[in-house]
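Colleague: I'd like to ask some things about the structure below.
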Amino acid sequence: MPDTTTERAALIEGAPAPGVKKTDPIVVADGVQRTFGGVHAVDVDHVEIPRGAITALIGPNGAGKTTFFNLLTGFDKPNHGSWSFDGKPIGGVPAYKVARRGMIRTFQLTKALSMLSVMENMRLGAQEQPGENIARALVPALWRGREQQITERAQDLLARFKLDTKADDFAASLSGGQRKLLEMARALMSDPTMIMLDEPMAGVNPALTQSLLHHILDLKATGMTVLFVEHDMHVVREIADWVIVMAEGRIVAEGYPDQVMSDQAVIDAYLGSHHDTDLGDLSEEQQAELLDETQAEVEREEERNDG
Amino acid sequence: MDFSFLLLALGQIISPQTIAYALAALGLAVQFGFTGLLNFGQAGFMAIGGYAFAITTLHLGFPFWLAVLATLVATTVMALVLGIPTLRLRADYLAIVTIAAAEIVRYVVKTPDLIPLTGGSDGLNGAAVTFDALNPIPPGSYGFGPLRYDENDLWIILVGWIFVILVALLVRQLMKSPWGRVIKGIREDEDAVRSLGKNVFSYKMQSLILGGALGGLATIINIIPTSLQPDNYGTQTTFFLLTIILLGGATTVFGPLVGAIVFWIVLSLADGFLSLAVQYHWLPITTIQQGPVRFIIVGVALMLIVIFRPSGLIGKKREAFFA
């Protein structure tokens with residue numbers, strides 16, 4: 001096990017702060033804005049994702065994490081902004097081309113292709129299959145060789161994710177957790193340089209969570225960059241090297257996991273100031289008081305945003 | 001009682017009309033069953049293809065192969081025109097646009113101002129000349145019982161069936177290939193396929209063009225033994241085709257062929273039995289009502305298929321479209 005502390009310390013130049021420069025960024029985004037009918041869903045001034053590390057993107061519901069994901073991967077178009085991947089600008093590049101350049105994503109709601117077999121799902125993840133061209137598809141001699149390579153790679157990955165016994169079953173027959181595994185394995189078929197996981201642990205039982213965590217750590221070990229959205233703080237603490245916190249579309253904090261999670265601003269934004277009191281235990285007066293306090297806080301926040 | 005309609009129903013197994021519907025249904029299966037594109041205007045593709053063939057043959061004197069090429073060009077243009085604006089949108093938009101486009105085509109060709117070109121409501125006759133000129137079968141009468149075919153009927157039936165089977169084998173090869181895998185992936189979830197680096201728009205367009213072209217070619221087979229009638233390519237035709245692919249199995253290649261045969265036999269038998277029933281006053285309907293009643297039977301059959309046999313006659317249960 002490498003020394004994570006020194007490894008992590010080498011990630012940034014300067015002190016941890018929102019938009020801090022990274023020593024070796026793989027993604028650099030500038031002024032990315034996406035509005036939905038006047039609401040700034042995403043409003044990111046500057047952010048850099050470190051290469052070869054596991055970065056967690058956290059924030060309350062509606063913070064714009066998934067929208068930011070969609071923007072980076074070309075699934076949504078921003079109103080403003082530019083960003084680059086691996087040194088090349090990819091703003092405005094269609095989703096499929098982003099994927100071909102090595103930035104592969106998964107989805108919050110798992111997208112296993114149910115009426116295809118697990119093996120066909122995997123094969124679909126591969127790149128450079130000449131048989132995907134309609135004319136060459138008619139001449140099997142042109143693609144059989146590549147298909148063989150793809151199948152072997154798929155078998156290796158399925159074995160790694162313990163899905164090899166399911167290879168010939170329809171993806172529809174898999175459990176929710178197995179579908180998460182399949183989606184991750186499928187994303188790996190193209191040997192991406194960066195993998196973006198949107199809530200990889202959502203709806204996965206604790207036993208499988210452990211195995212998914214190991215898989216994600218394995219990805220990093222092979223030199224891949226991982227960016228993931230997650231709500232479970234234990235997961236973030238356990239595997240993330242770097243944490244980016246979003247709230248109301250902005251990046252409100254960045255830092256090492258332990259540091260970020262003890263940051264008062266983050267606790268306020270993410271968990272709420274009264275995260276350790278149970279609403280049911282409060283009297284009506286206390287609840288009203290709490291409501292006023294929250295509103296005051298929101299107003300202060302708005303003033304700060306305007307200023 | 002005259003039961004000769006039973007043999008005539010049997011004749012539907014090989015009739016050019018069955019071949020045409022099988023081919024057009026195969027095209028729709030490529031689009032709808034395999035790619036998940038809701039093309040509700042297959043009749044429009046059939047009409048465009050048929051008119052391209054008939055007009056180039058009759059007015060421009062194109063030889064057969066060139067007129068076939070014109071059909072392919074016309075259906076491809078229609079696919080591009082309909083597909084470019086709608087294939088990036090949600091699936092329902094394509095359905096709305098195609099159903100409207102098919103009706104536009106039908107109304108345009110029926111316009112009185114276009115009679116010199118399209119023949120208006122009467123359609124176009126005699127587009128078979130170039131095809132019949134290629135006929136190597138000696139003149140005569142072939143067949144048995146009430147099923148008699150002259151040399152030209154036999155020629156189109158032979159060529160038509162050979163062509164349909166070749167196309168079906170071609171489509172099967174495509175669907176078994178990596179291309180077909182992408183196509184089926186798009187049916188399941190196009191965003192997932194996009195996230196894996198496939199140009200989904202291009203694949204959907206290819207599928208729309210391929211399916212539309214098969215619709216256009218189907219009309220050539222349909223009009224050669226008869227004539228081109230615009231009202232044969234109304235919305236009902238599209239729904240017959242949907243019934244056929246659901247009957248045979250929307251996610252299969254040979255389902256549309258089986259579906260077309262069964263569909264026309266059932267329709268023909270229903271017609272025969274109904275006319276007997278009307279003749280002997282077993283049913284309280286008139287001869288005029290008899291026609292529409294056949295289509296009520298088609299509608300009920302479609303519902304029953306979707307409810308009780310969603311995978312079609314030869315589809316695998318697990319691949320059922322309406323599971």
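Quick reminder: no glycine exception, Cβ is built from N, Cα and C everywhere.
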Colleague: Transmembrane segment per TrEMBL sits at which of B:93-110, B:237-254?
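Modeller: It is B:237-254 that TrEMBL annotates as transmembrane segment.
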Colleague: At a C-beta cut-off of under 8 Å, are there same-chain residues at least 6 beyond the transmembrane segment (B:6-30) that contact it? List them, or none.
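Modeller: Distal contacts: 39, 42, 45-46, 145-147, 153, 156-157, 160-161, 163-164, 167-168, 171, 183, 207, 210-215, 217-219, 221-222, 224-226, 238, 240-242, 244-245, 248, 250-253, 255-257, 259-261, 263-265, 267-269, 272.
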Colleague: I'd like to know if the transmembrane segment (B:208-225) touches the transmembrane segment (B:37-58) in this structure, counting it as a touch only when three or more C-beta pairs sit under 8 Å and are separated by 6 or more positions.
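Modeller: By the criterion, they touch.
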Colleague: Using a Cβ cut-off of under 8 Å, list the residues of the same chain at least 6 residues beyond the transmembrane segment (B:237-254) that approach it.
Modeller: 21-22, 24-26, 28-29, 32-34, 40-44, 46, 99, 102, 168, 171-172, 175, 260, 262-263, 298, 301-302, 305-306, 311-316, 319, 321
